[in-house]
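Annotated in Swiss-Prot:
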type	residues	note
TRANSMEM	4-24	transmembrane segment
TOPO_DOM	25-43	topological domain 'Extracellular'
TRANSMEM	44-64	transmembrane segment
TOPO_DOM	65-77	topological domain 'Cytoplasmic'
TRANSMEM	78-98	transmembrane segment
TOPO_DOM	99-148	topological domain 'Extracellular'
TRANSMEM	149-169	transmembrane segment
TOPO_DOM	170-198	topological domain 'Cytoplasmic'
TRANSMEM	199-219	transmembrane segment
TRANSMEM	223-243	transmembrane segment
TRANSMEM	245-265	transmembrane segment
TOPO_DOM	266-306	topological domain 'Extracellular'
TRANSMEM	307-327	transmembrane segment
TRANSMEM	331-351	transmembrane segment
TRANSMEM	352-372	transmembrane segment
TOPO_DOM	373-421	topological domain 'Cytoplasmic'
Amino acid sequence: MRKIGLAWQIFIGLILGIIVGAIFYGNPKVAAYLQPIGDIFLRLIKMIVIPIVISSLVVGVASVGDLKKLGKLGGKTIIYFEIITTIAIVVGLLAANIFQPGAGVNMKSLEKTDIQSYVDTTNEVQHHSMVETFVNIVPKNIFESLSTGDMLPIIFFSVMFGLGVAAIGEKGKPVLQFFQGTAEAMFYVTNQIMKFAPFGVFALIGVTVSKFGVESLIPLSKLVIVVYATMLFFIFAVLGGVAKLFGINIFHIIKILKDELILAYSTASSETVLPRIMDKMEKFGCPKAITSFVIPTGYSFNLDGSTLYQALAAIFIAQLYGIDMSVSQQISLLLVLMVTSKGIAGVPGVSFVVLLATLGTVGIPVEGLAFIAGIDRILDMARTAVNVIGNSLAAIIMSKWEGQYNEEKGKQYLAELQQSA
């Protein structure tokens, strides 16, 4: 009997979760029984992310051993991220202006959701300027950064440590072997944890559907449709077009990442697939030094789906209140989002926090966010999938840009996937 692939297992878990959540809609016992299962799965993933990032980066950087080369890669990566996320903001603004998802919506028919936790988080984040964000990339205590899961300081430390290992030559070989062994062991652990993924997805989706009110979705159905349609357009037209410029087929990337996309979509967490997409991009021909740097950094600076949604949601709320935003106001919104959407990936409910920090500066009532908070989970699932594709593509593009992409390895990996399909 043929073994069912992971993508199908996760998909079955997703469907069963929807069915169970729908049958027991409004029953608090669903959350009581299933939430712990979902939480355990998410905690297992979070447990392995930092060890994988550190070990992979140290090994990758030590193999390069050149600060000038790494600086060049870092500069190119940030430029690419800024260009793509700016395009995402423009696409979100255009979609909101063309399709007018907030026009004609009766605010009295909408349910308000408590967003106080997001407000509190925003107040904490807003104390940090863009300059402080860059200053905080350098950790004053690496163990503090490790305990809080602050990814940018961890990446910075790992790069510096990898350069140090390379600089001491023969003396550094035992250290390098230790981190190589750690990386391999952690990828093995990842594969074992992924066997639990269908159960984690079943539990998380079951809880979401059991709590989610259809009555809150109907008045906002146009927003949901516009968001999903725009996300699909961004994947196939924008990312697909960029991929083609570099000789990459976007459908090949989607085929490679099918397991990860279903998992990221179901859990609304791109962190759940970080170790797997690093591993797969390496198998697809990207060098470890580039995948281990570009993909984790992208989680802070290249959230394409999130930035697109933030632009679209901002205009939606303006339309909801009957505010007609001028071109100059929308350009101001674009410029503000270019800054506020960067460097706070570790913050819970990052898209909401960015919107809370942004709306007031361009004259849009922040209270409007309470109307869309109830359906945020459904929208979050879509933007998470886009984030995963965007960061995976970034690793391939940077590998090609640096002239380090292994075409033969990539073709061989694709052929292996087609044979096993």
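The backbone N, Cα and C atoms fix where each Cβ goes, glycine too.
Here the topological domain 'Extracellular' (266-306) has long-range neighbours at 10, 13-14, 17, 38, 41-42, 45-46, 48-49, 52-53, 56-57, 59-61, 63-64, 70, 73-74, 77-78, 80-82, 84-85, 88, 151-152, 155, 159, 186-187, 190, 194, 197, 200-201, 204-205, 231, 234, 239, 256-257, 259-260, 341-346, 350-351, 354, 377, 380-392, 394-396, 398-399, 402, 404-410, 413-414, meaning same-chain residues at least 6 beyond its ends whose C-beta is under 8 angstroms from one of its own. Here the transmembrane segment (4-24) sits against the transmembrane segment (245-265); at least 3 CB pairs are under 8 Å, leaving out pairs fewer than 6 apart in sequence. Secondary structure of the topological domain 'Extracellular' (266-306) per DSSP, as helix, strand and coil residue counts: 33 helix, 0 strand, 8 coil. Break the topological domain 'Extracellular' (25-43) down by DSSP state and the numbers are 16 helix, 0 strand, 3 coil.
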